[in-house]
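As recorded in TrEMBL:
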| type | residues | note |
| --- | --- | --- |
| REPEAT | 10-48 | repeat 'HEAT' |
| REPEAT | 203-241 | repeat 'HEAT' |
| REPEAT | 242-280 | repeat 'HEAT' |
| REPEAT | 281-319 | repeat 'HEAT' |
| REPEAT | 320-358 | repeat 'HEAT' |
| DOMAIN | 358-519 | domain 'Phosphatase 2A Regulatory Subunit A helical' |
| REPEAT | 359-397 | repeat 'HEAT' |
| REPEAT | 398-436 | repeat 'HEAT' |
| REPEAT | 437-475 | repeat 'HEAT' |
| REPEAT | 476-514 | repeat 'HEAT' |
| REPEAT | 515-553 | repeat 'HEAT' |
| REPEAT | 554-587 | repeat 'HEAT' |
Amino acid sequence: MSIADEPLYPIAVLIDELKNDDIQLRLNSIRKLSTIARALGEERTRRELIPFLGENNDDDDEVLLAMAEELGVFVPFVGGVEHAHVLLPPLETLCTVEETCVRDKAVESLCRIGSQMRESDLVEYFIPLVKRLAAGEWFTARVSSCGLFHIAYPSAPEMSKTELRSIYNLLCQDDMPMVRRSAASNLGKFAATVEYTHLKADTMSIFEDLTKDDQDSVRLLAVEGCAALGKLLEPQDCVAHILPVIVNFSQDKSWRVRYMVANQLYELCEAVGPEPTRTELVPAYVRLLRDNEAEVRIAAAGKVTKFCRILNPDLSIQHILPCVKELSSDSSQHVRSALASVIMGMAPVLGKDATIEQLLPIFLSLLKDEFPDVRLNIISKLDQVNQVIGIDLLSQSLLPAIVELAEDRHWRVRLAIIEYIPLLASQLGVGFFDDKLGALCMQWLQDKVHSIREAAANNLKRLAEEFGPEWAMQHIIPQVLDMISNPHYLYRMTILQSISLLAPVMGPEITCSKLLPVVITASKDRVPNIKFNVAKVLESIFPIVDQSVVENSIRPSLVELSEDPDVDVRFFSNQALQAIDHVMMSS
């Protein structure tokens, strides 16, 4: 190939690969578009590559998706912002394909390019593109157009703005539900660019039509529009236009719409303000908490704490707490789980007295729930209640239930309790901890589930850090070392892991006098798994102790293990010896 022909090479390769039967080759070719564009230069990219891509749109969805994504970042390769408009035709074609994810990516790329384009180019190229898509015969084009109005509108001349608003109005009344859905979901973005006078006059009438749509899939997207529009309107207009819609939606015949309201209610409350929330939205929220569909109750229960923060404590106690009590014994475990994940946050909102009188009994009933996720959600948020009622009351009322859960048959519940123990220990103090929870921490080291034993070893380390080496020497180390003679090798391995974790906390003196002899003895164990774990522990311990101890105790033990018949024991002991040698040489 001559040097003169060389620039033709990349486009020839691209064309060949894009026509290849192998989809992976076609995909790779699209992923290399930026490299090919660099090789071609800006002018040839505009003149040859982009038109070629515009024609090559009859391909697998995966290839088209990659193309839509690549074109979104292609502005620098076509010569910058002044030539960005050449990227619009291939993306316009991709906006009309059947596959939703390709269309969505093409719209996203068009928005990215449009936001960089000069105002004159937007008027000349982008706005006509939006109009063409909106007038498309096939519904896919009209669906895509809805996501582009918010880019086109701000730069449009006054005449075009009027036209764009009326086109959007027509899209909201389209015969195809998919188009109306797209118009409803993009209404908030479009409304944010519309002038306030037109927002009140035109956009609100469009919105009201969507809220009365006969398709529930359109109405539920209009719920999202409530929150978006509410933030754009003045408070009095918001109360006049948005509030009645929210109240109606909370009683909609479709549970999906009611679910959407329950999910968005906090944002809707922020939009209408505190006073209308108290008078109008509290009854609506109570209805959702008592909805006959479990999904709606789940969504509403998950927002109970956020909602109570908007209200004063008296209103929460009067209206919301009775519903919370009902939900705590709901027939659906998922409703109870959703409630358990947020109910602890109500304690700071309601204050100490109401928490003790009203919430503690609910916490206790949820802690004893038959469904493990419900119990887990309560355990993980106990600290929020402790801040309100104090540790004494918490320990009297909830600790017996926690001790019961520490022996729960579901291992994930036991695991959650273990992970909460260090926090509980720091709150309870050393004396209380020794009385009530000390024995449990040792018991978990011999649990049947490996994850529990592993967490128990980590727990001991964190407790030693919390209460100090002296406490650990008295309350942890003797019990741990006693267990090294357990007949089951898996439990002996957990003890070795515990020693490895405790040694850095305990310091060199206790490690040498108490922990190291036990590890050296374990190196004579008959089970290979124990022996190679000994090698690992010795490798982790040697930086803590003096060099004389390494030479007199650790190295001889590892040398002996390095001659073991088992291949894994030899491997890990040699690895430990190499680590020691490396440190010795560098020091």
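Each Cβ is built from the backbone N, Cα and C atoms, and glycine gets one as well.
The repeat 'HEAT' (515-553) scores a mean pLDDT of 85 in the predicted structure. Summarised by DSSP class, the composition of the repeat 'HEAT' (320-358) is 31 helix, 0 strand, 8 coil.
Here the repeat 'HEAT' (242-280) has long-range neighbours at 207-208, 211, 216-217, 219-220, 222-224, 226-227, 229-231, 233, 235, 287-288, 291, 293, 295-296, 299-300, 303, 306-307, 310-311, 315, meaning same-chain residues at least 6 beyond its ends whose C-beta is under 8 angstroms from one of its own.
Across the repeat 'HEAT' (242-280), the DSSP tally of helix, strand and coil residues reads 33 helix, 0 strand, 6 coil.
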